[in-house]
Amino acid sequence: MAKERTLSIIKPDAVAKNVIGEIYSRFEKAGLNIVAARMMHLTQEQAEGFYAEHKERPFFKDLVGFMTSGPVVVQVLEGEGAIMKNRDLMGATNPKEAEAGTIRADFATSIDANAAHGSDSAESAQREIAYFFNDNEICPRG
Ligand code: RTP
Ligand code: MG
């Protein structure tokens, strides 16, 4: 499998629960290297632009409201099959449906406050990484 990069966000609920380190540990144990990272409090414009694909969905306003409710940690993960690997680590969007041992099963509280975001395709990953990081902010290791 090819080495890939994906964009991950630790959402405001998980930051508030002080589980940044636990989530980072899961990435690292799964062979995903953190090659860029930043803590930030998203503005409404930043959240709307990031989730633009969901603009017409009924949950869009709640999603943007939640994503701007507190600080997030944004990172680029790099590794073999990183996009799917990160989605597998996160589990299903709705924590009630997430498999035991996944990030969302363990740390999410609702479909809105669902702990983490991960790019869902190579195209999304490319767009989402560029949305938050310049090339010179990404620090690959060997
Ligand atoms: P994400 O983009 O945050 O990684 O989540 P995802 O791919 O698993 O889910 P997606 O369909 O992209 O939806 C983005 C976020 O919107 C909220 N959502 N609410 N009420 C609803 O039916 C509903 N559906 C989605 C979730 O917080 C989801 O993470
Ligand atoms: Mg998504």
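Numbers here mean position along the shown chain, with the first residue as 1.
Glycine is no exception: its Cβ is also placed from the backbone N, Cα and C atoms.
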Query raised in the report: If TrEMBL says Lys11, Phe59, Arg87, Thr93, Arg104 bind ATP, which of Asn18, Asn114 does it name for the same site?
Result: Asn114
Requested in this report: Compare all C-alpha positions of Lys11, Phe59, Arg87, Thr93, Arg104, Asn114, the record's ATP binders, and send over the largest distance in angstrom.
Outcome: 21
Query - Spatial neighbours, same chain, of Phe59 (ATP binding site) - Cβ under 8 Å, 6+ residues apart - result: Asp112
Report task. List the binding-site residues Lys11, Arg87, Arg104, Asn114 whose Cβ sits under 6 Å from any atom of ligand 1, in sequence order. Result -> Asn114
Report task. Using DSSP, break the domain 'Nucleoside diphosphate kinase-like' (3-140) down into helix, strand and coil residues and give each count. Result -> 64 helix, 28 strand, 46 coil
